[in-house]
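J.: What follows is a structure written as structure tokens; I'll ask about it next.
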Amino acid sequence: MVYPLQSFAQKLVGRRPLEPIEESESPEAHLNTLELVALGVSRTLGASVYILTGAVALSVAGPATVISFLVAGLSCVMSGLCYAEFGAWVPCFGTVYLYSYITVGQLCAFITGWNLILSLAIGTTSVAQAWSYTFDSLIGNHISQALQETFSPYKPSFLATYPDFCTLGLVLLITRVLVLGARESTLVNKVFTVINILVLSFIILSGFIKGDLHNWELTEQDYKMNASGSTDIYSLERLDPLGSGGFMPFGFEGILHGAATCFYAFLGFDSIAMRGEEALNPQHSIPFSIMISLFICFLAYFGVSAALTLMVPYYQIQPKSPLPQAFLHVGWGPARYVVAVGTLCALTSSLLGTMFTMPWLIYAMAKDGLLFQGLAWIYDRTGTPVIAIMASGNIAGVMALLFEFMDLVDLVSVGTLLAYSLVIFSVLVLRYQPYQILSKKEKTEDKIEMKSEIEGSPLNSGPEAGTSNILKSLWFPPSTIPTRKSGQIVYGCASLIVLLLTILSLLLAQWSSQVFSGDPGLTTVAVLLLLLITGVTVIIWRQPQDPTYLYFKVPALPVLPLVSIFVNIYLMMQTTSGTWALFGIWAAIGSVIYFGYGIRHSLEENNEQQPPASTSQTLDKNILGAGSS
């Protein structure tokens, strides 16, 4: 029984070897820092800035939405730094899925890819819903009113208020365009990004001109006065708690819950890290582009949420079309059409970018055997993965038809936070491992060298080494470069810390008031957890790091990655039980596919027929919509 279990474990951590790519296959370096920033901003500023700000301000954080965006932005900055190093480890073009497969192993790659599929599917759905809401608002809400009157009396309580056929039709239309072989245009990307920034600048300036600081100091009396004289049916019919008023009507808990939701707003920056081979001077342009694009996006979110909550009392915000309705509220009716048209342009760009990406990720996983092989079929005439495109369109379409925007946003936040945490964990562990990225030939040769090195190591000199030598090696490693033993120590310690951070996050999320008020039992548990985490962190810090030169390395290792993992886990704990139930269903489906099909049909299982990573790398050029015109 030992051998089958050992073989099974080896499959889970089996890594893809990296073959050197031919010069003819290598993409030409042509993206400067400005173009990378434009790429990141266009991928990031989508439905979130036009719809999410209003939804979070309405019932989650109030005017303190600006702080929620700040917390989410700081978390993304730390994740972005880790993404930049993760891309530097693998000298080829590809997605984080491919990088995970090459550096960490098959199981981590599947989890990352599966969660990214969820992220892209919901990203497509939410952007399409935002487009539908904006268009409907532009024509007087006739579509939503008709659908609501027709279907609302018959719908189950856990589904959307009404089936959004307009969004479904938009998703299917884009799917049809992709099947016909359409390619993404860098020029169109830039034009829509410029329009997006101009519209957002207009919204922010208008908000500070027409805004009223009193809307950040509202009381219950203000609500009653507004409600008694208001003709706004939506605000009168609201049954949700209004909070305690002021700048933080839902308290610090509302800010954290808002931050977990707002994390979705920063998705897209990872596309920069995946374009390293197309970047001019990547050692500087990649990390700087990530930081600049995140900073620009944060300023946009901060400015728009501040402008919105200054123009309109947070409890009167229209969640499905907040910005056009805000201009109507302050008496600038014609301006709402300008905002609506700009919104449609920005959302169209974001929708195309997301829809281009998802089918190629599904295709890459199917090509590796982790998903059904039929999804990897390419139609020769157009060069597109038709089955993968149809599958991604159907997934997004069904989600758009059945679920509300905010339910999907919370779900994608959980999946993406988990995927990002896996990337951060991988970066932390990789820095302390020997023999990182090897070709097939190097992999065989270095296994022999590694074996001889380990056999000669004092840590493996026999039983006489004893427990004292093992404990000594934790604090005083015998080698100045990573060994297999030191790598195992870091892997084990990092896994233990993640478990401890999860317990601590759960403790703080569920019983924070008792912990900080000095409850003897809970406070003692929290302090013990902190001491254990600190001790294990010191053990990791004492281990030797890989001296390999990289274009970019995360500073303050291991502290910064561990802090980032803690923030991500804590934000995940802020989501509702319903969101976790939906995520559990998605994870269960993925588990059935992987253990029932993927692990038996993966390329690791058929090692003799395994193509080099450079082949997938060539195919992965399409994953991020690399085509330009």
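Cβ coordinates come from backbone N, Cα and C, glycine included.
Copying in the features that TrEMBL gives for the protein in this structure:
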TRANSMEM  159-179  transmembrane segment
TRANSMEM  191-209  transmembrane segment
TRANSMEM  247-267  transmembrane segment
TRANSMEM  288-317  transmembrane segment
TRANSMEM  337-363  transmembrane segment
TRANSMEM  384-405  transmembrane segment
TRANSMEM  411-432  transmembrane segment
TRANSMEM  489-509  transmembrane segment
TRANSMEM  521-541  transmembrane segment
TRANSMEM  550-573  transmembrane segment
DOMAIN    552-602  domain 'Cationic amino acid transporter C-terminal'
TRANSMEM  579-597  transmembrane segment
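Could you tell me the structural context for the features on the list?
T.: Same-chain residues lying 6+ beyond the ends of the transmembrane segment (159-179) with a Cβ under 8 Å from its Cβ atoms: 124-125, 128-129, 131-132, 135-136, 143-144, 147-148, 150-152, 351-352, 355-356, 359, 379, 382, 384, 386, 389-390, 392-393, 396-397, 400-404.
With a cut-off of 8 Å between Cβ atoms, the residues of this chain six or more beyond the transmembrane segment (191-209) that come close are 38, 41-42, 45, 49, 300, 303-304, 306-308, 310-311, 323, 326-327, 332, 335, 338-339, 342-343, 345-346, 348-349.
Through the fold, the transmembrane segment (247-267) approaches residues 43-44, 48-49, 52, 55-56, 60-65, 67-69, 71-73, 75-76, 119, 123, 126, 216-218, 294, 297-298, 301, 314, 406, 409-410, 412-413, 416-417, 570-572, 574-575 of its own chain, all at least 6 residues removed from its boundaries and within a Cβ separation under 8 Å.
Within the chain, the transmembrane segment (337-363) has long-range Cβ neighbours (under 8 A, six or more residues past its boundaries) at 42-43, 45-47, 49-50, 95, 97, 113, 116-117, 120-121, 123-124, 127-128, 130-131, 134-135, 137-138, 170-171, 174-175, 178, 184, 188-189, 192-193, 195-196, 198-199, 202-203, 268, 271, 323-324, 327, 371, 375-376, 378, 384-385, 388-389, 391-393, 396, 619-620, 622-625.
Outside the transmembrane segment (384-405) by six or more residues, the chain places 47, 51, 55, 117, 120-122, 124-126, 128-130, 133, 159-161, 163-165, 167-168, 171-172, 174-175, 178-179, 181, 319-320, 355, 358-360, 362-363, 366, 374-378 with a CB less than 8 A from a CB of the stretch.
Listed by sequence, the residues of this chain that lie at least six past the ends of the transmembrane segment (411-432) yet keep a Cβ under 8 A from its Cβ atoms are 78-79, 82-83, 85-86, 89, 96, 100, 103-104, 108, 111-112, 115-116, 118-119, 122-123, 126, 260-261, 263-264, 267, 482, 486-487, 490-491, 494, 498, 540, 543-546, 553-554, 557-558, 561-562, 564-565, 568-569, 571-572, 575, 579-580, 582-583, 586.
A Cβ distance under 8 Å defines the sequence-distant neighbours of the transmembrane segment (521-541), meaning residues of its chain 6+ beyond its ends; these are 428, 432, 474-475, 489-490, 493-494, 496-497, 500-501, 503-504, 507-508, 511, 514-515, 558-559, 562.
Looking only at the domain 'Cationic amino acid transporter C-terminal' (552-602), the predicted model's pLDDT averages out at 90.
A Cβ distance under 8 Å defines the sequence-distant neighbours of the transmembrane segment (579-597), meaning residues of its chain 6+ beyond its ends; these are 107, 110-111, 114, 118, 370-372, 407, 410-411, 414-415.
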J.: Under an 8 Å Cβ to Cβ limit, what residues of the same chain, 6 or more beyond the ends of the transmembrane segment (489-509), are close to it?
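T.: Those are 421, 425, 428-429, 432-433, 473-474, 515, 522, 525-526, 529-530, 532-533, 536-537, 539-540, 543, 558, 562, 565-566, 569-570, 572-574, in sequence order.
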